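The (2E,6E)-farnesyl diphosphate binding site annotation in Swiss-Prot covers Arg265, Asp302, Asp306, Arg443, Asp446. What Swiss-Prot lists as Mg(2+) 1 binding site is Asp302, Asp306, and the listing cites similarity to another entry. For Asp302, Asp306, the entry in Swiss-Prot reads Mg(2+) 2 binding site, with the evidence type similarity to another entry. Per Swiss-Prot, the feature Mg(2+) 3 binding site maps to Asp446, Thr450, Glu454; the stated evidence is similarity to another entry. Look at Swiss-Prot and you will find 302-306 tagged as motif 'DDXXD motif'.
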Amino acid sequence: MNPVSLLSLSGERRSANWKPSSWDSNQIHQSLKSDFNDLQEKWHTELKQAVEQMLEAVAEPLQKLTLIDDIQRLGVAYRFEKQIDDALSSIYSNYAAEVSSKKDLLAASLYFRLLRQHGCYVSPDIFIQFKDEAGQFKASLGDDVEGLLSLYEASYLGIKGETILDDAKAFSTSTLENLMPHVEADIASRISHALHLPLHWNMRRMEARLYIDVYRENKKRRNDNLLEFARLDFNMLQVIHQRDLKDVSFWWDFLDLPRKLGFIRDRLMESFIFSVGLNFEPQFSECRKAATKDILLITVLDDIYDIYGSMDEVEIFNNAVNRWDLGAVDELPEYMQLCYLGLLNSVNELAYVTMKDTGRNVLDFLKKLWKRHFNAAVKESRWFHRQYTPTLEEYMENAQISIGAPLVLTHAYVKMLKYMPNEDVNHVDKYLKLISMMCYVFRLYDDWGTSKAEIERGDVPKAIQCYMHEAKVSEEIAREHIKNIINERWKELNEECLKATDLNRKFVAAVLDALRAAAFFYHDRDGFGEPDHKFKSQAMALFSQQV
């Protein structure tokens, strides 16, 4: 069918002039041919046992912390959860006094970061010993590059009111920036990578792929069994991820929306990378596939609401969603009918599979989520057509819903239920505060990377423009304000995670990982809407090139 036949051509249409996808289905299927044979699987199992024995055998606390840090950064900590839990709990109970008296910046920073990541409160006063009489971090710390890098990473686990960690972040950042021209190339590369995006904010799968190479070159620190296990595990997961991506690719090809609706973003690979960022572990294939479908549908409908659709059409579509009635399809413009049917079919399929797998009926719950999302989206359309600029607070109250992340996360929760036996869809309320806090920062990341281009092509003012209008300031000042909000909101998230002792740790990790995926895409670019050559290289490293 010619795409024009599905498009309403009455009236002037806005266009984002999106670049076509740099991936087509043939390219995806041809490039995803990794293999993992029985011999490799046997070797993987034997190496896993060797790493477990190594975790048991290492007694010295700093050595054990260093080993745990390597295991986490190599992306294989999920294979050793109980051993790591036991080790960190023991260190937390027995090592505090020792680490506070050693005056070892690397040890103190590593202890602080790993224990806080684990949900244990460690006082930031552990860093007082590294300050001079004037209350400044000692200049001599500049001689300890590894300690500085560790301090820098630890500072991002701070919560509100911990000024010593704000000082640590400022000191370590400026000192590392000054050191970069004077250190060896491999160390300068590590510093540059950390300063670009700290470990706590970075997408774990991307970090793992990079760290395998870093760890391989670090002959003083490297353990060959751990390196080989991480390499095999990465390749094993890559095969699973390839299978997931192929499955979603067939579904996307079947819908054929990019051809039928020529104005939309075709972002299959980008959507899948986000889903892997959200949940990379092997058992969560169905979660990844559902999240990818969600993101693709949200993106299509976002392009209709924000760019292509007239206000009348958007209102009609929104009414149809609120009715959630198959019969409403006949009232929609022809180009919207396929989107509406795709939405209903996708949600009904998710509800059906969840009922089959868990016995839980989640259909009403899912419908409520989608209605909430579209009601927020239509409000932004009304703002645009009325040329209304909301205050930053008013904008964010709505935009943290319209971003779509609440939908993706709650769908992820539903898909994870069969792996969380003590959880139920009725329990999701206890996660809403954490999800809401995450979505607030997610929206700010998105606006940070996309707002300039979106305003140029005609869209509702974003967070930066809302603050510029409200405070009568320049874009530079507004961006600095948004950057500060992101930093402060991360602190609030850190604190909420420390309190979240009654929440499922797998899902809490998924919430934070969704935000890390947002940081990956939007920290310094619009990596989703306008992916560049670097993005394609990163995607190939994750899904096509074996280690």
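Glycine is treated like the rest: Cβ placed from N, Cα and C.
Structure with Swiss-Prot features highlighted.
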| residue | record | DSSP class |
| --- | --- | --- |
| Arg265 | (2E,6E)-farnesyl diphosphate binding site | coil |
| Asp302 | (2E,6E)-farnesyl diphosphate binding site | helix |
| Arg443 | (2E,6E)-farnesyl diphosphate binding site | helix |
| Thr450 | Mg(2+) 3 binding site | helix |
Return the average pLDDT for the motif 'DDXXD motif' (302-306) as a whole number.
91
Using the alpha carbons only, what distance in Å do you get between Thr450 (Mg(2+) 3 binding site) and Arg443 ((2E,6E)-farnesyl diphosphate binding site) once rounded?
10
For Asp446 ((2E,6E)-farnesyl diphosphate binding site), which residues of its chain lie six or more apart in sequence with Cβ-Cβ distance below 8 Å?
Ile403, Ala518, Tyr522
So how many other Cβ atoms are close to Arg443 ((2E,6E)-farnesyl diphosphate binding site), meaning within 10 Å of its Cβ?
23
Looking at (2E,6E)-farnesyl diphosphate and its recorded binding residues Arg265, Asp302, Asp306, Arg443, Asp446, figure out the farthest C-alpha pair and report it in angstrom, whole number.
19
Could you say which of the binding-site residues Asp302, Asp306 has its Cβ with the most other Cβ atoms inside 10 Å?
Asp306
